[in-house]
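The following features are taken from TrEMBL:
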DOMAIN    B:4-197  domain 'Glutamine amidotransferase'
ACT_SITE  B:80  active site, nucleophile
ACT_SITE  B:182  active site
ACT_SITE  B:184  active site
């Protein structure tokens, strides 16, 4: 889930953010649909600062593990998100600007709650290098998004997933491109440990359960 | 009224939120009189065994917990670190004396090449008669841990999970219960475990 101007939004290739509606209503739907995990990113936090009240409003409704992100630049920011109910914290720009934030966050709070989010354009080799560095510094997971596949709903960037997941031992969560349950199966077959999806749940009738069923049918362990 | 032990070990808000969803009256507290008034006691917690015990001692909570749980037999649920602290001793960071509510010790999970912490959704198999698991269909619960509580008497094991080795995912002895997973993060199945507990 991505938030802008206090509304749930969905982008296509990281632009044209379309207003989907209330994020609280969406969180409740995802909760009712028994999703395995929720990733909630506040796109305004970089410019406007982290808003713990908004985050707490979300985590209050979540009875599943939650990753919070947006605007994380310091150890204090990580602490703020954890006390706002995050189980894991996603760091993106803050880690690129200051890679030592990964080390410091992992040392203080444990690798299991440090997710390094990598948005990839064309530079797959650069993404591989950065993912390896993030792992060495203590990241517990990589959230890997292909910008050109974001919101397009024609499948994940399988070559990117394969390149990054082969290069690291930590779990890679594939993001960007799910339009059909089979896309999620493909992402896992190409090395993703988990799949993240947004548009498919907003614009189609596909439910998380249908995707998990497709994964299970393909012989991939899924919580049904 | 359910008293949730506030001893500075991790975020207890998610436990409170789950109890609120169930319509249970709950307070997060470190005051002895609240445990005396409570019908049920929950000890959540994330972190290291020695820190957990030290915080309980420093807040003066050990005597009141012993009295309310062992003498007055109030239903007690330890979650994650809270289950580990039920043991007589923990090996994390040097041997530390635990609450000793259930005979056994807390030791590191033996994973033979697998990564620690054990994190994520995993299958749990409950033992026949495990009261917290009554009428629950799903077997999947959410775990984040590197240590496990190993009861001396296997009759205290209420559920198992396998990660590198089979370990106690839940324990049960009289009025005392423990779950290694996070029911408050385990969606419907986890909420159902908490419901079973508060209905005891």
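Yeah, the Cβs are placed from backbone N, Cα and C, and that goes for glycine too.
Overlay of TrEMBL feature records on the structure.
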residue : record                   : CB count, 10 Å
B:80    : active site, nucleophile : 26
B:182   : active site              : 24
B:184   : active site              : 28
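In this model, the domain 'Glutamine amidotransferase' (B:4-197) carries an average pLDDT of 95. In this structure, the CA atom of residue B:80 (active site, nucleophile) is 11 Å away from the CA atom of residue B:184 (active site).
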